[in-house]
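Q: One structure coming up, written as structure tokens, with questions to follow.
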Amino acid sequence: MEAQDPLFDLIGLGFGPANLAIAGAIVEKWEGPSAGGDGGISAHKVLFIEKQPEFQWHPGMLLPNTRMQISFLKDLATLRSPQSPLTFLSYLHAEGRLLPFINRGSFTPTRREYFDYLSWAARTVESKGIKVQYGEEVVSIRGSEDNTVEVHSRDVKTGTIVIRRTRNLVISPGGNPKLPPNISLLYPHPRILHSSRYATSVDQLLGTLSPANRPLRIAVIGSGQSAAEVTLDLHSRLSSMPGGDRPHAIDMIFRNGSLKPSDDSPFSNEIFDPDTTEVIYNLPTQSDRENILKEYNNTNYSVVNPRTIDAMYEVMYDQKLDDAIARRKGDKATPSAARITMHPHMTLYFADDLPQLAETDSATETSQEGIRLTLQNVFSQAQSTRDYDAVVCATGYDRTSWLRMLTSSDIGKHFGLNLSSDPVQLVPSTEIPKGPDGSLFDASEEEATWRPASPITPASPSPPSTPTSSALSQSRMLGQLPITKLYITREYCLVPNSPQFKPRIYLQGCTEATHGLSESLLSILGVRAGLVVDDLWKNSQ
């Protein structure tokens, strides 16, 4: 274990786009007209800790020719400060591609170019004094006697634990790959991938399968953008691989009736505007915020860009054309392209590990490990079993790791959290109860409200009450649990129960319940970073 003496003004957990935007806003403060004045965050006392060995951004989904779904103007800084040196236009100018990009006639760069922009921005802020410790994974945070926060991180190569202290903390955990429960029981498995690892793992996966020289069967679970992109990429790859007397098969499995287009029309896109974040945060009830999230769900979740849907339909239409021509000609030649089949209205009922697929290659007598999926129709409840060589899960991300970190830390007690705090509801600080004299109520465990047990999601409001012992017993019998309210400001800062806790802890990318749908997206990075950094400066001595 290694303890580092310097006390940091700010430590950021993670160094993805969210904390990169924070770093950029800090650099602008350092270089701005008020630089060198009282207060603020001291230069060279800012550190970001990142698990990856270098800056990364969704490497598993950097597929060929995939485009961003937002304008390049929604970059790290433009909406906050168009004159910032960290805008996408500044990147293009620095790289000598400004005019060629203009000549493209498109506001949406490729995903590959946007990753290069983010990498350029990371190098730029580091050159201006921001410290980034790559190759370390944060394992815990703890309170310190001097009212600072201890950050414990592990060197991913050596296993050495490093302890650092900070006055303020920004938690930007990103998302952890989420697998269907039945699949997660088998994971890790050499034949199961999450879409977050697809581009970096698919070559190795197909390399282990290709020697079989037989038709491969691969399942893609999900109905969103990642699922569609993975399916199209698999189709392209498998179409060039020999498969014996039948084409390779790709099955898309999803609960919906079809792939649904994302709504990126101008009025709907305003849901991602910073002004809309203000509106959502200040809605009077949690129920109102839930209704807004539900109304605009089709702008972000389980939807596919219309261009991608068109490409998918074109591939499947060509399959029908090939079939018709083959029937007319009586052509029994081996089809050259892989085939995509959709299985709508299906849920995953059961998953099992197959040591060997039933079908073996007659020439080599070899077989491959596989996965057996039992699917269930959501209407008829009818079940069917299918065997696959591999399964790719494009099933989204879990964004609650920050909560587990807090509840397992002694810092959690300052926010009313402990290991038994389940469920937890993130609530705007404007809803903190006030005492009879109008002062803010000292939130504590006594301020629990009651509701049926549910995951960590926005909950319907109920009036604060302290249940009697009989009410507590009855609630437990009915499967109800006390809900712990965790308050957060408009500036993304968690509100402690007591003013005695001085460190400021900010959340990035995980406050959708209070700040709206744009929270986990790139759309408001620059504006959000400005709010956080301004709040840090205002509250720093």
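Numbering starts at 1 and runs along the chain as displayed.
Each residue, glycine too, has its Cβ placed from N, Cα and C.
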Q: Same substrate site as N269, E270, I271, F272, N300, S523 according to Swiss-Prot: which of K51, K74, K128, K131?
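A: The one candidate that Swiss-Prot places in that substrate site: K74.
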Q: In whole Å, could you give the widest CA to CA gap in the NADP(+) site formed by S223, G224, Q225, S226, N300, Y301, S302?
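A: For the residues that bind NADP(+), the greatest Cα distance is 12 Å.
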Q: Helix, strand or coil: which one is K74 (substrate binding site) in, per DSSP?
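A: Coil, per DSSP.
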Q: Would you find the one among the binding-site residues F272, Y301 whose Cβ has the most company, meaning other Cβ atoms within 10 Å?
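A: Output for this query is F272.
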Q: Non-local Cβ contacts of I271 (substrate binding site) (under 8 Å, 6 or more apart, same chain)?
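A: Listed in sequence order, they are I292, Y296, T299, G516, L517, S518.
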Q: Within 10 Å of each Cβ, count the other Cβ atoms, then let me know which of the binding-site residues Q52, Q56 comes out lowest.
A: Q52
Q: Count the Cβ atoms, other than its own, that fall within 10 Å of the Cβ of S520 (FAD binding site), considering every protein chain shown.
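A: S520 (FAD binding site): 18 neighbouring Cβ atoms within 10 Å.
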Q: In which DSSP state, out of helix, strand and coil, do we find S226 (NADP(+) binding site)?
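A: Assignment for S226 (NADP(+) binding site) reads helix.
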